[in-house]
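Report on the structure given below.
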C-alpha cells in the first residue's frame, strides 16, 4: 500500500511535508487512520490514511456530502478557512465535491475567522458549515471542523453519524469522486459582504461606546485571521489608540515569529511586550490563528508585566457582563467542567445561575440552544482561553471579546485602576483560586497507548488523599458516576459520558483528561490553599512520575 501512496505523491498536495518527515513519521501515516471525532478531524500533513492530504480530505468531503443529502433535500453549506498551509486548497476541494452532488456552497474568497464561520451559517440560514483550521497547533497540522445549522459544532451524535458516512467509503485511494460539471460549478458562491457587515453590527451593539481614555493597546494576530477584522471593528467603534505588532499581523503559514501561535503561551507575547514598552501601552491582546481564543497581558506605569490565565480572564469578563446586565432577570452563565472555581464563586456571589458542561464549546452552544425565553445568557467560557459574551455566534469568539475587554480596561483606566485591581477585588469578595494546567505530550501510536494507560491506572488507583488534601468526592465522566466519599454515596452524573476524571477536595479540585485535538493528556489543578505551586507540582509528579 505504501507504493500506491508514493505513486500519488505529486498530486497529494503534501509532497514537501512528506519528504521532510522522518521514516517513523512517514510510516505512522500509513499505519494509522484519521478519525472524525467530536471536534472534527485534526492531524499532520503527509501520506496515508492517518494524515491530511488531497485524498483523505476528499474522502471526508464526500462522506459529508452523503451525510447532508441523506436528510436534507437541497443543502446549503458555508466554507471558511484560516491562514494555514493548504487551508484554501482543502476548502476548494470540499466545495467542489459538495457542488458535484448538487449542494449549494458559500465559499470565502480569503481567510476568515472561526467566529465568522459560525455567524455566517446562522445569517445565511445554511444547513451546515465547514472551517478549515487547526487552531494553535504547529505549522504542519491542519483540520476540518463541521458546524450544524445553528452555527455550533456538531453534537456528539451527529458527529458519530457523519463518521459512519465517511468510514463506509473505504480507502481514500479507491474512491471514485464525482466530476464537477459547468452547471454545478455555478453552485459555488462567494460569501456576501453583508454577512460581515451584520456581524460588525452585532459586535457594536454588544460593546456600545468605548469611553475616551488614555488607554493604549497592543494587538497581535499571531499570523492568523484576526487582522484586518479586529482593527476594522475597533475603528468602527472610534477606538484608535492601538498598535499592531507588524511582524506578527501578516498571514504566515509557518508562524515564523513565534515558537507557538498560542495565546496561552507567555512567549507568544514577547514581541507585543517589546512594542508595549516602546509606546508605553497598558493592555496587550493576542488571538490564536483562527481567532476563536484570546489572551491578555497587562502593563503598569512602571513597566511591570502581568499575565492572566484563562480562568482569570473568564472571571474578569463575567464580572463585567454582570455589571452590564444589572437588573436583567434569570441571568445564566456556563463553563466547562475543567474550568476553575473563581467564576463559579463569582456567579453565586451575584445570584447568577451557573451550570457546568463537558469540555468543548459545542456543549455551551447546546445549552444556549435549549434556554427558555425567560432565561438570559450573559457569558460562557472555557479555561483554554475561549469566551462568548453574546450568542450571535455559537462558538468561542475572540473578535467580540477584544473590544469588550478594551472598553472594560478603558473604564478602569479612567478610574485610575487596572484589570489587576479589579481581579483583586473579585478574589477579596469571593475567595482566591489558584489554577495550573500541566500538559504532557505523547506523540504517535505509542504515545496514544501511554495516555490510555495513565487514564486507566488513575481510574483504578484513585486515592483518598493527595499531598495532604483529603478527597471528598470523585466524578468519573466515563462511567457517569459520582462517588461522595463523605457519605459513601454513588449518584449519576447528568452530563454525557466523556473520558474525564475529576477529584474534589474541600480546597478545590483536580481533573485529568486526554486532549481531543492534540496528542496530549492534561491535568487541571484549581485550589484555594497555601503553598499552591508546591502542592500542584507534587500532584502532577504523583500522577505522571509514579
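Backbone N, Cα and C atoms are what each Cβ position is placed from, and that goes for glycine too.
Record features, source Swiss-Prot:
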- 135: active site, phosphoserine intermediate (ACT_SITE)
- 135, 288, 290, 292: Mg(2+) binding site (BINDING)
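Taking the mean position of the Cβ atoms of 135, 288, 290, 292 as the Mg(2+) site, the remaining residues of that chain whose Cβ falls within 8 Å of it are 82, 114, 133, 136, 224, 287, 289, 291, 293, 398. The Cβ neighbour count for residue 288 (Mg(2+) binding site), using a 10 Å radius and every protein chain shown, is 30.
Distance between Cα atoms for residue 292 (Mg(2+) binding site) and residue 135 (active site, phosphoserine intermediate): 8 Å, as a whole number. Taking all protein chains in view, 33 other C-beta atoms sit within 10 angstroms of the C-beta of residue 290 (Mg(2+) binding site).
Fewest Cβ neighbours within 10 Å among the recorded positions 135, 292: that distinction goes to 135. Residue 135 (active site, phosphoserine intermediate) and residue 288 (Mg(2+) binding site) are 7 Å apart (CA-CA, integer value). Across the structure, residue 290 (Mg(2+) binding site) and the residue listed as 'active site, phosphoserine intermediate' place their CA atoms 6 angstrom apart.
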